[in-house]
Amino acid sequence: MKIILAKQAGFCFGVKRATQIAFEAAGKGGKTFTLGPIIHSPQVVQKLEEMGVKALENVAGMDEGTIIIRSHGAASDELEEAVRKQLDILDATCPFVKKAQEHVKNLSNSGYDVVVVGDADHPEVQGIVSYATGKVYVVASGEEAVKLPKMGKIGVVAQTTQSFENLRHVVDACLVKGGEIRVFHTICDATAVRQEEAKKLASQVDCMVVIGGYNSANTKRLAEVSAEIQPRTHHIEMAQQLDPAWFEGVKIVGITAGASTPKWIIDEVLEQIESIAKDKNR
(Lines of atoms letter the chains of each structure in order from A; the text may use other names.)
(Lines give C-alpha, C1' and ligand atoms only; values in the text may rest on other atoms or scores of the structure.)
Protein backbone atom coordinates (compact mmCIF):
# COMPACT_ATOMS: atom_id res chain seq x y z
CA MET A 1 0.00 0.00 0.00
CA LYS A 2 1.43 3.34 -1.08
CA ILE A 3 1.15 6.32 1.28
CA ILE A 4 1.16 9.92 0.01
CA LEU A 5 1.48 12.80 2.50
CA ALA A 6 0.30 16.23 1.34
CA LYS A 7 3.16 18.72 1.07
CA GLN A 8 1.30 21.39 3.04
CA ALA A 9 0.07 19.19 5.90
CA GLY A 10 0.37 20.58 9.42
CA PHE A 11 1.10 23.92 11.05
CA CYS A 12 0.58 27.09 9.02
CA PHE A 13 2.56 30.27 9.69
CA GLY A 14 0.00 31.74 12.09
CA VAL A 15 -0.30 28.58 14.18
CA LYS A 16 3.45 28.02 14.24
CA ARG A 17 3.91 31.59 15.47
CA ALA A 18 1.20 31.25 18.13
CA THR A 19 2.53 27.98 19.54
CA GLN A 20 6.07 29.35 19.58
CA ILE A 21 4.91 32.37 21.60
CA ALA A 22 2.99 30.12 24.01
CA PHE A 23 5.74 27.56 24.59
CA GLU A 24 8.39 30.26 25.02
CA ALA A 25 6.19 31.93 27.64
CA ALA A 26 5.58 28.59 29.35
CA GLY A 27 9.32 28.03 29.61
CA LYS A 28 9.76 31.28 31.53
CA GLY A 29 7.39 30.26 34.33
CA GLY A 30 5.18 32.69 36.23
CA LYS A 31 1.41 33.07 36.03
CA THR A 32 0.67 32.57 32.36
CA PHE A 33 -2.66 31.78 30.72
CA THR A 34 -4.12 31.68 27.22
CA LEU A 35 -7.40 33.42 26.41
CA GLY A 36 -9.19 30.35 25.11
CA PRO A 37 -7.23 27.39 23.67
CA ILE A 38 -4.14 28.75 21.88
CA ILE A 39 -5.05 26.69 18.78
CA HIS A 40 -7.68 24.06 18.01
CA SER A 41 -5.49 21.11 18.94
CA PRO A 42 -6.42 19.34 22.21
CA GLN A 43 -2.97 17.74 22.28
CA VAL A 44 -1.12 21.08 22.14
CA VAL A 45 -3.45 22.57 24.76
CA GLN A 46 -2.74 19.58 27.02
CA LYS A 47 1.02 19.98 26.60
CA LEU A 48 0.79 23.63 27.60
CA GLU A 49 -1.31 22.74 30.63
CA GLU A 50 1.35 20.24 31.69
CA MET A 51 3.83 23.13 31.52
CA GLY A 52 1.59 25.28 33.71
CA VAL A 53 -0.19 27.34 31.04
CA LYS A 54 -3.95 26.90 31.25
CA ALA A 55 -6.68 28.21 28.99
CA LEU A 56 -9.18 30.69 30.46
CA GLU A 57 -12.55 31.63 28.98
CA ASN A 58 -12.04 35.27 29.99
CA VAL A 59 -9.78 37.50 32.08
CA ALA A 60 -12.41 38.19 34.75
CA GLY A 61 -10.58 36.11 37.36
CA MET A 62 -7.11 37.47 36.58
CA ASP A 63 -5.52 40.24 38.62
CA GLU A 64 -1.92 39.75 37.51
CA GLY A 65 0.25 37.68 35.22
CA THR A 66 0.53 37.12 31.49
CA ILE A 67 -2.37 36.49 29.14
CA ILE A 68 -1.68 35.08 25.66
CA ILE A 69 -4.20 35.98 22.97
CA ARG A 70 -5.05 32.85 21.00
CA SER A 71 -4.33 32.48 17.28
CA HIS A 72 -8.03 33.08 16.55
CA GLY A 73 -7.84 36.50 18.20
CA ALA A 74 -10.01 37.90 20.98
CA ALA A 75 -13.07 40.09 21.32
CA SER A 76 -12.28 43.79 21.64
CA ASP A 77 -13.89 44.05 25.09
CA GLU A 78 -11.71 41.21 26.42
CA LEU A 79 -8.58 42.98 25.19
CA GLU A 80 -9.76 46.24 26.75
CA GLU A 81 -10.34 44.43 30.05
CA ALA A 82 -6.83 42.93 29.95
CA VAL A 83 -5.36 46.39 29.35
CA ARG A 84 -7.46 47.89 32.15
CA LYS A 85 -6.16 45.25 34.55
CA GLN A 86 -2.60 46.01 33.41
CA LEU A 87 -1.94 42.37 32.54
CA ASP A 88 1.08 41.47 30.45
CA ILE A 89 -0.38 40.76 27.01
CA LEU A 90 1.27 38.48 24.45
CA ASP A 91 -0.69 38.78 21.21
CA ALA A 92 -0.51 35.55 19.21
CA THR A 93 -3.40 36.52 16.92
CA CYS A 94 -2.86 35.25 13.37
CA PRO A 95 -1.94 38.21 11.10
CA PHE A 96 -4.75 37.25 8.69
CA VAL A 97 -7.28 37.34 11.54
CA LYS A 98 -5.88 40.67 12.71
CA LYS A 99 -6.35 42.04 9.19
CA ALA A 100 -10.00 40.98 9.18
CA GLN A 101 -10.54 42.67 12.56
CA GLU A 102 -9.01 45.91 11.28
CA HIS A 103 -11.12 45.87 8.09
CA VAL A 104 -14.33 45.44 10.10
CA LYS A 105 -13.41 48.29 12.42
CA ASN A 106 -12.55 50.62 9.52
CA LEU A 107 -15.64 49.67 7.52
CA SER A 108 -17.93 50.28 10.50
CA ASN A 109 -16.32 53.63 11.24
CA SER A 110 -16.85 54.59 7.58
CA GLY A 111 -20.59 53.90 7.68
CA TYR A 112 -20.67 50.45 6.10
CA ASP A 113 -22.90 47.61 7.24
CA VAL A 114 -20.60 44.62 7.62
CA VAL A 115 -21.17 41.07 6.42
CA VAL A 116 -18.85 38.41 7.84
CA VAL A 117 -18.74 35.10 5.95
CA GLY A 118 -18.20 32.28 8.41
CA ASP A 119 -19.37 30.26 11.38
CA ALA A 120 -21.11 32.50 13.92
CA ASP A 121 -20.16 30.16 16.78
CA HIS A 122 -16.44 30.13 15.95
CA PRO A 123 -14.22 32.21 18.29
CA GLU A 124 -12.43 33.81 15.34
CA VAL A 125 -15.70 35.10 13.91
CA GLN A 126 -16.96 36.22 17.32
CA GLY A 127 -13.76 38.21 17.76
CA ILE A 128 -13.99 39.75 14.28
CA VAL A 129 -17.63 40.76 14.83
CA SER A 130 -16.74 42.52 18.10
CA TYR A 131 -14.80 45.18 16.17
CA ALA A 132 -17.93 46.41 14.39
CA THR A 133 -19.37 49.65 15.77
CA GLY A 134 -22.48 49.53 13.57
CA LYS A 135 -24.63 46.84 12.00
CA VAL A 136 -22.92 43.49 11.40
CA TYR A 137 -24.28 40.23 10.02
CA VAL A 138 -22.73 36.75 9.99
CA VAL A 139 -23.71 34.38 7.18
CA ALA A 140 -22.41 30.89 6.52
CA SER A 141 -23.45 30.65 2.87
CA GLY A 142 -24.94 32.34 -0.15
CA GLU A 143 -28.32 30.86 0.80
CA GLU A 144 -28.17 32.71 4.13
CA ALA A 145 -26.94 35.91 2.46
CA VAL A 146 -30.04 35.97 0.22
CA LYS A 147 -32.10 36.54 3.40
CA LEU A 148 -30.14 39.65 4.42
CA PRO A 149 -32.06 42.96 4.50
CA LYS A 150 -31.47 45.80 2.07
CA MET A 151 -28.51 47.96 3.05
CA GLY A 152 -26.80 51.11 1.82
CA LYS A 153 -23.06 50.49 1.83
CA ILE A 154 -21.87 46.92 2.43
CA GLY A 155 -18.45 45.69 3.50
CA VAL A 156 -17.63 41.98 3.26
CA VAL A 157 -14.88 40.04 5.02
CA ALA A 158 -14.48 36.29 5.52
CA GLN A 159 -13.37 33.96 8.25
CA THR A 160 -9.80 33.03 7.34
CA THR A 161 -10.65 29.34 6.80
CA GLN A 162 -13.49 29.94 4.33
CA SER A 163 -13.28 28.84 0.71
CA PHE A 164 -13.15 31.41 -2.08
CA GLU A 165 -16.11 29.66 -3.69
CA ASN A 166 -18.30 30.24 -0.63
CA LEU A 167 -17.15 33.86 -0.40
CA ARG A 168 -18.12 34.38 -4.06
CA HIS A 169 -21.61 32.98 -3.43
CA VAL A 170 -22.12 35.40 -0.54
CA VAL A 171 -20.81 38.36 -2.54
CA ASP A 172 -23.13 37.49 -5.44
CA ALA A 173 -26.08 37.54 -3.04
CA CYS A 174 -24.96 40.85 -1.53
CA LEU A 175 -24.70 42.60 -4.91
CA VAL A 176 -28.46 43.18 -4.95
CA LYS A 177 -28.64 44.18 -1.29
CA GLY A 178 -26.94 47.58 -1.43
CA GLY A 179 -25.79 50.43 -3.62
CA GLU A 180 -22.11 49.94 -2.86
CA ILE A 181 -20.14 46.86 -1.86
CA ARG A 182 -16.52 46.49 -0.77
CA VAL A 183 -14.98 43.03 -0.45
CA PHE A 184 -11.72 42.36 1.35
CA HIS A 185 -9.46 39.36 0.84
CA THR A 186 -9.13 37.92 4.36
CA ILE A 187 -8.96 34.22 3.50
CA CYS A 188 -5.63 32.71 4.52
CA ASP A 189 -3.53 31.72 1.50
CA ALA A 190 -2.44 28.56 3.33
CA THR A 191 -6.09 27.55 3.71
CA ALA A 192 -6.78 27.91 -0.01
CA VAL A 193 -3.60 26.04 -0.98
CA ARG A 194 -4.33 23.17 1.42
CA GLN A 195 -7.89 22.78 0.18
CA GLU A 196 -6.77 22.65 -3.46
CA GLU A 197 -4.03 20.16 -2.58
CA ALA A 198 -6.53 18.00 -0.67
CA LYS A 199 -8.87 17.95 -3.68
CA LYS A 200 -6.07 16.94 -6.03
CA LEU A 201 -4.78 14.25 -3.67
CA ALA A 202 -8.28 12.87 -3.04
CA SER A 203 -8.70 12.31 -6.79
CA GLN A 204 -5.54 10.19 -6.92
CA VAL A 205 -6.06 7.82 -3.99
CA ASP A 206 -8.39 5.05 -2.80
CA CYS A 207 -8.69 6.41 0.73
CA MET A 208 -8.01 9.71 2.50
CA VAL A 209 -7.07 10.34 6.13
CA VAL A 210 -7.45 13.91 7.40
CA ILE A 211 -5.72 14.64 10.72
CA GLY A 212 -6.71 17.42 13.09
CA GLY A 213 -8.89 18.57 15.96
CA TYR A 214 -12.61 17.93 15.63
CA ASN A 215 -13.11 21.56 16.71
CA SER A 216 -10.74 22.85 14.01
CA ALA A 217 -12.65 24.71 11.27
CA ASN A 218 -9.90 24.37 8.67
CA THR A 219 -9.49 20.63 9.34
CA LYS A 220 -13.23 20.01 9.07
CA ARG A 221 -13.23 21.90 5.78
CA LEU A 222 -10.32 19.78 4.49
CA ALA A 223 -12.31 16.65 5.34
CA GLU A 224 -15.38 18.05 3.58
CA VAL A 225 -13.62 18.97 0.32
CA SER A 226 -11.82 15.62 0.34
CA ALA A 227 -15.03 13.64 0.94
CA GLU A 228 -16.71 15.40 -1.99
CA ILE A 229 -14.18 13.71 -4.25
CA GLN A 230 -13.18 10.60 -2.28
CA PRO A 231 -16.06 9.22 -0.14
CA ARG A 232 -13.60 7.04 1.76
CA THR A 233 -12.35 10.03 3.75
CA HIS A 234 -11.74 9.67 7.49
CA HIS A 235 -11.20 12.59 9.90
CA ILE A 236 -9.18 11.64 12.99
CA GLU A 237 -7.42 13.47 15.82
CA MET A 238 -4.80 10.84 16.64
CA ALA A 239 -3.27 7.57 15.45
CA GLN A 240 -5.20 5.44 17.95
CA GLN A 241 -8.39 6.18 16.05
CA LEU A 242 -7.21 4.50 12.85
CA ASP A 243 -9.21 1.41 11.87
CA PRO A 244 -7.40 -1.24 9.77
CA ALA A 245 -10.74 -2.03 8.08
CA TRP A 246 -10.61 1.38 6.39
CA PHE A 247 -7.71 0.19 4.25
CA GLU A 248 -9.22 -3.03 2.91
CA GLY A 249 -8.66 -3.11 -0.85
CA VAL A 250 -6.74 0.17 -0.72
CA LYS A 251 -3.64 0.48 -2.92
CA ILE A 252 -2.96 4.19 -2.37
CA VAL A 253 -3.83 6.21 0.74
CA GLY A 254 -3.57 9.99 0.95
CA ILE A 255 -2.90 11.90 4.15
CA THR A 256 -3.36 15.57 4.91
CA ALA A 257 -3.62 17.54 8.13
CA GLY A 258 -5.15 20.77 9.33
CA ALA A 259 -3.19 23.94 10.01
CA SER A 260 -3.33 23.32 13.77
CA THR A 261 -2.09 19.72 13.67
CA PRO A 262 1.37 19.19 15.27
CA LYS A 263 4.06 17.32 13.35
CA TRP A 264 4.41 14.69 16.06
CA ILE A 265 0.77 13.64 15.59
CA ILE A 266 1.19 13.45 11.80
CA ASP A 267 4.30 11.28 12.32
CA GLU A 268 2.42 8.96 14.68
CA VAL A 269 -0.39 8.53 12.14
CA LEU A 270 2.10 7.83 9.35
CA GLU A 271 3.86 5.24 11.49
CA GLN A 272 0.57 3.53 12.38
CA ILE A 273 -0.61 3.40 8.74
CA GLU A 274 2.77 2.00 7.69
CA SER A 275 2.34 -0.69 10.35
CA ILE A 276 -1.15 -1.50 9.04
CA ALA A 277 0.26 -1.71 5.50
CA LYS A 278 2.96 -4.18 6.62
CA ASP A 279 0.37 -6.37 8.31
CA LYS A 280 -1.70 -6.39 5.11
CA ASN A 281 1.30 -7.55 3.09
CA ARG A 282 2.10 -10.51 5.34
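Residue numbers in this text run from 1 along the chain shown.
Each Cβ is built from the backbone N, Cα and C atoms, and glycine gets one as well.
For reference, Swiss-Prot has these:
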type	residues	note
BINDING	Cys12, Cys94, Cys188	[4Fe-4S] cluster binding site
BINDING	His40, His72, His122, Ser216, Asn218, Ser260	isopentenyl diphosphate binding site
BINDING	His40, His72, His122, Ser216, Asn218, Ser260	dimethylallyl diphosphate binding site
BINDING	His40, His72, His122, Thr160, Ser216, Asn218, Ser260	(2E)-4-hydroxy-3-methylbut-2-enyl diphosphate binding site
ACT_SITE	Glu124	active site, proton donor
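Features recorded in Swiss-Prot, as mapped to the structure shown.
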residue	record	Cβ contacts under 8 Å, 6 or more apart
Cys12	[4Fe-4S] cluster binding site	Cys188, Ala190, Thr191, Arg194, Ala259
His40	isopentenyl diphosphate binding site	His72, Gly212, Gly213, Asn215, Ser216, Ala217, Thr219, Gly258, Ser260
Cys94	[4Fe-4S] cluster binding site	Gly14, Val15, Arg17, Ala18, Ser71, His72, Gly73, Thr160, Cys188
His122	isopentenyl diphosphate binding site	His72, Gln159, Ala217
Glu124	active site, proton donor	His72, Gly73, Val97, Gly118, Gln159, Thr160, Thr161, Ala217
Asn218	isopentenyl diphosphate binding site	Thr161, Thr191, Arg194, Gly212, Gly258, Ala259, Ser260
Surrounding the recorded [4Fe-4S] cluster site, with Cβ no more than 8 Å from the Cβ centroid of Cys12, Cys94, Cys188 and those residues left out, we find Phe13, Gly14, Val15, Ser71, Pro95, Phe96, Val97, Thr160, Ala190, Thr191, Ala259
According to DSSP, which of helix, strand or coil covers Thr160 ((2E)-4-hydroxy-3-methylbut-2-enyl diphosphate binding site)?
coil
Counting every protein chain shown, other Cβ atoms within 10 Å of the Cβ of His72 (isopentenyl diphosphate binding site) number 29
How many Å separate the two farthest-apart Cα atoms among the dimethylallyl diphosphate-binding residues His40, His72, His122, Ser216, Asn218, Ser260?
15
